[in-house]
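Below is one structure, written out as structure tokens; the observations come after it.
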Amino acid sequence: MNTRATTAILVNQVVQKKCSLTALLSANKKNQSLIQELCYGTLRWYFKLKLIAEKLLHAPLRDKDHDIFCLILTGFYQLNYLNIPTHTIVNQTVGAAEILKKPWAKGLINKLLRRFIAEKDELLTFTEKTIEGQYAHPLWFIQHIKKAWPDHWESILIANNARPPMTLRVNLTKISREIYLEMLDQKNISAKPLDFLPAAIQLEKPCSVHQLPGFNEGYCYIQDAAGQFAAYLLKLENNQTVLDACAAPGSKTSHILEVNPHLKTLVAIDNNKQRLNRIKENITRLGLRQEHLQCLLADVSQIDQWSSGELFDRILLDAPCSATGVIRRHPDIKLLRQPGDISQYHQKKLQLLNALWTVLKAGGFLLYSTCSVLPDENEKVIEEFLSTHDKVELSPTNVHGGLQLKYGVQQLPGQDNKDGFYYSLLFKNP
């Protein structure tokens, strides 16, 4: 199928049906690279491109023709952001209407694309008149961010629209970072170490995992720098029992095993069987010791469904969240999240914290983390939890480049070119 037609279908499913772009792309294997570029770019700039399309259309398209609307946005994205010959963009985008079985739209698409080419500067200036168009985010989210981060809101929105870096975590149980950097250099892959993390490497340009030396042999794992702090903040010691709640796909589970291979037990829990299998696949590829690893399919908040009664020395709760700290990696979040979602995430996190606190040993640590930048999912959750529990105290969390808050540390998107992430370390008093 024409890549522009496929893109229009996928973008339309995100906009109309609130489908995850990651899930849609995983089911579509043909022309993956270009389709991914077109989908990500169109969704990244959706709220800007949408204003242009609405201005140029004499009347709104019918709901059943929203795929054509998305196709037009895809054309605008290519014309403004990609280095593809103009005639190729116009011909391919117009031709996609035929494949979508809507040949009547070919003339309309051709007209709008050519108007965009002729009036581009004027149209882009027009989008700057509204804050949604200027920053390419939904209004409700901009308002939330301005309220939460009055000194940082603009830099957050700008970072959300940037292309994210590709960051690796070197598997130090197999190879040193210095030697792996040499291997990358031999493959002409430009990279630099991130000095604030022992195993992190950032590539100058993203590449396919198949180009990474030793990837299949487990020499590295793809993980943003913001998430690589978790295993160190846990203060792991030999012979401890550790729980990784909400563990899939295993980024932090595997890192825990790399940082300390001599744990007594590591229990990784997730409620999705397919995602749980990915934990096992990732740890197998990395060649990590698994004799003390237990992967359990369960709702971690329902303690009686999975617990043997054993208490844990360390618990990592990387809680399900709005993922508003990783919009640059998942631009569909701008369309998938709604204002009412945030209070639901808040309550779910409190439920998880309360449940997991009961299986933490006295003298143990629970690390709470999210990839959100919204206080309702972060500081306000910890504040409410502390107000209802006596034998708990905050432990210092030192994260390079993070903002120290009353109840934890917040990394904002773009700081040191990291994703947005929140950490709060809780100590259970004896």
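Yeah, the Cβs are placed from backbone N, Cα and C, and that goes for glycine too.
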Legend entry - Candidate sharing the S-adenosyl-L-methionine site with CYS246, ALA247, ALA248, PRO249, GLY250, SER251, LYS252, ASP299, ASP318 (per Swiss-Prot), from ASP224, ASP270: ASP270
Legend entry - Inter-residue Cα distance where the pair is CYS371 (active site, nucleophile) and LYS252 (S-adenosyl-L-methionine binding site), in Å: 13
Legend entry - Whole-number Å value for how far CYS371 (active site, nucleophile) lies from ALA248 (S-adenosyl-L-methionine binding site) (Cα to Cα): 14
Inset, instruction - Run through the Cβ atoms and count how many others sit within 10 Å of the one on ASP299 (S-adenosyl-L-methionine binding site). - result: 13
Legend entry - Whole-number Å value of the largest CA-CA distance among CYS246, ALA247, ALA248, PRO249, GLY250, SER251, LYS252, ASP270, ASP299, ASP318, listed as S-adenosyl-L-methionine-binding: 19
Legend entry - Those residues of the chain, 6+ apart, with a Cβ under 8 Å from that of CYS246 (S-adenosyl-L-methionine binding site): ILE269, ASP270, VAL300, LEU317, ASP318, ALA319, PRO320, LEU352
Legend entry - Pairwise CA distance, ASP299 (S-adenosyl-L-methionine binding site) versus CYS371 (active site, nucleophile), rounded so that it is a whole Å: 20
